[in-house]
């Protein structure tokens, strides 16, 4: 009986299940979008029960599409939107509030208060992260402080916190297992990435009871088995990693200096720095890349909040395109951006600027500016933001990047990939299997149950679908980058501080 690995890929806008074979090829995919909830400007929430329901649904669907039985699944890997925070009652299994999403800015003011107390330095030293509303810690605190009765329940030991991975595993095991992995823990702003444990001082500062927190384990190990009610059989849950770290693993960036960019809702650049946690002087995050083989490996990360989401905005709000795919056609109908720059700082701007008060802007408009120029400027914004992050990474790590591995939905846009290569001045490699996030989780799960022997076996699965080489003159490139940097400065510090 042929065996497979199931990967549950719980993203920001959809829940997916992908089944992989031994060669790392996609056997089947099932996907369901779920509701985005925007209670106030800058606030973003999800319904944890809807996420769990849809995730369980697509798992069954993917098995049906592949025409395989649950007995043929050797292990399940989970990868998830990181930082998104769920707090639930362990007695009832019910969330006390909606999941507060990574993009949500509601705790920016509280982060400013912590910064005024000089705590940003402590947080960076311990967690490798910037003090920002993006991470889970202040979201947990907000729930405890603002949801009626939550603080009392937490003090009594009745509330559990988890990122989406923890929430899924808890439900898959019928509440038996409350666990996360090193990569997800490293995104909470509560985890000491050097000592590899929850940090008592940070928990005290934020007034978060330790009893709420999950046990932290390696990214590749058997956490437990699914309850039989789910598939009719028990299947080992054996891999867990945050989406960006999973993509780094799926892209087989196993050596220091190897990097990938995922062009999803946001863009996320990660560079493996090996067993050394590199402290960033350029506004990047130091994070855990993977916990495997009895050790952890670290990475530098640049987070770009709005990547592919700018294309959704062109489609849904401005109605300039009917589908995301059309953007490539429009962008190539004009010779250049005609001096138009779009800075998509809809929820502030991330690395290496970190300004919560920046807002989106379109600059350089003249009477000759057309729809095509704005669409092109939107695509180009992803490449410029990637350039800024990559330069910061090279400076911090002292490693010059030779090539960039790419994945995520927008990497299928050939115009964008060519422009990315031009602006970076390095080769951009798109792999055969672009589902690298799900693939990374599958690899972690498969290694834990002996489905794959080791990382060498996995590396042989990686293959290039298309390579893009830089073809732009330096002078033109420098001029474009200069224009972009000018545009970014105009977008910063726009929103009034409360």
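The backbone N, Cα and C atoms fix where each Cβ goes, glycine too.
Here Swiss-Prot flags 12, 13, 14, 265, 308, 312, 409 as ATP binding site. DSSP assigns residue 12 (ATP binding site) to coil in the three-state reduction, placing it in neither a helix nor a strand. Cβ neighbours of residue 12 (ATP binding site) (same chain, under 8 Å, six or more residues apart in sequence): 81, 84, 101, 102, 103, 264, 265.
The feature ADP binding site is assigned by Swiss-Prot to 12, 16, 265, 308, 409, 413. Residue 265 (ATP binding site) carries neither a helix nor a strand DSSP state and counts as coil.
The 10 Å shell around the Cβ of residue 83 (sn-glycerol 3-phosphate binding site) contains 26 further Cβ atoms across the protein chains shown. According to Swiss-Prot, the feature sn-glycerol 3-phosphate binding site maps to 12, 82, 83, 134, 243.
According to DSSP, residue 83 (sn-glycerol 3-phosphate binding site) is assigned to coil rather than to any helix or strand. The glycerol binding site annotation in Swiss-Prot covers 82, 83, 134, 243, 244 and rests on sequence analysis.
Closest to residue 134 (sn-glycerol 3-phosphate binding site) in space, going by CA atoms and restricting to the binding-site residues 14, 244, 308, 409, 413, is 244. Annotated pair residue 83 (sn-glycerol 3-phosphate binding site) and residue 14 (ATP binding site), C-alpha to C-alpha distance, rounded: 16 Å.
DSSP assigns residue 413 (ADP binding site) to coil in the three-state reduction, outside any helix or strand.
Sequence-distant neighbours of residue 409 (ATP binding site): residues of the same chain at least 6 apart with a C-beta under 8 Å from its C-beta are 263, 264, 308, 324. Taking the Cβ of residue 13 (ATP binding site) as reference, residues of its chain lying under 8 Å away and at least six apart in sequence are, in sequence order, 33, 34, 36, 265.
Residues listed for ATP, 12, 13, 14, 265, 308, 312, 409, cover a largest CA to CA span of 14 Å. Same-chain residues at least 6 positions away in sequence with a Cβ under 8 Å from that of residue 244 (glycerol binding site) are, in sequence order, 82, 262, 268, 270, 301, 437.
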